[in-house]
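Listed features, source Swiss-Prot:
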- 13-18, LYS55, 71-72, LYS88, 148-151, LYS171, 176-177: ITP binding site (BINDING)
- GLU43: Mg(2+) binding site (BINDING)
Amino acid sequence: MAAAAGRSIVFVTGNAKKLEEVVQILGDKFPCKLVAKKIDLPEYQGEPDEISIQKCREAAKQIQGPVIVEDTCLCFNALGGLPGPYIKWFLEKIKPEGLHRMLEGFEDKSAIALCTFAYCNGNPDDTVLLFRGKTLGQIVLPRGPRDFGWDPCFQPDGFQQTYAELPKEVKNTISHRYRALKEMSDYFIQNGTKV
């Protein structure tokens, strides 16, 4: 778990794999203790930043304390950024193979994996802080383990393996989630108790 010292922040997730990855990436330098909690949040629609802010404000209302929420997008350049923030629903219905099939008629198979962590100090009326990370890649035929979303069909630029095929130690130093968490961790370390 991220550092036990410092205050606790609720990380809103019911996804054990996501929590495991976040804790592994943050390591022991993160100055707050993350406490995972699953809560029901509305499925907002809109642009990624808008969705993250709305989710974070609603989570802060429900938790009545400091919260972090995460939103992930997978944006296909050939489709103008879709499925974007709706990737969860696409994946649920058509699986990784269907994501690849969506681009069959397009030469451009490039995609952007985007992760946004949103933090609220507990007062939903205060400013929500956003921390973003993105990784460029290609949508490929699924390869590797099928236990973590669309990882089997996203091959980051500069690699021959998909996220699913990469060792966790490698993925967790290049992924969109890593980049967003690094930005968030740096901010918390720098600002300490002022956050």
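For all residues, glycine too, the Cβ spot is worked out from N, Cα and C.
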Quiz item: How big is the Cα-to-Cα gap, in Å, between TRP150 (ITP binding site) and the residue listed as 'Mg(2+) binding site'?
Solution: 19
Quiz item: Helix, strand or coil at TRP150 (ITP binding site), per DSSP?
Solution: coil
Practice problem: Have a look at the binding-site residues THR13, ALA16, LYS55, LYS88, HIS176 and say which one has the shortest Cα distance to the residue listed as 'Mg(2+) binding site'. | Solution: LYS55
Self-check item: Around the Cβ of LYS55 (ITP binding site), the count of other Cβ atoms that are within 10 Å
Solution: 23
Exercise. Which residue among the binding-site residues LYS88, HIS176 has the fewest other Cβ atoms within 10 Å of its Cβ, if you could check?
Key: LYS88
Exercise. Report the member of THR13, GLU43, TRP150 (the binding-site residues) whose C-beta atom has the most other C-beta atoms within 10 angstroms.
Key: TRP150
Practice problem: Work out the three-state DSSP category of THR13 (ITP binding site). | Solution: coil
Quiz item: What is the total of other Cβ atoms whose distance to the Cβ of ALA16 (ITP binding site) is within 10 Å?
Solution: 9
Self-check item: Three-state secondary structure, which DSSP defines for HIS176 (ITP binding site)
Solution: helix
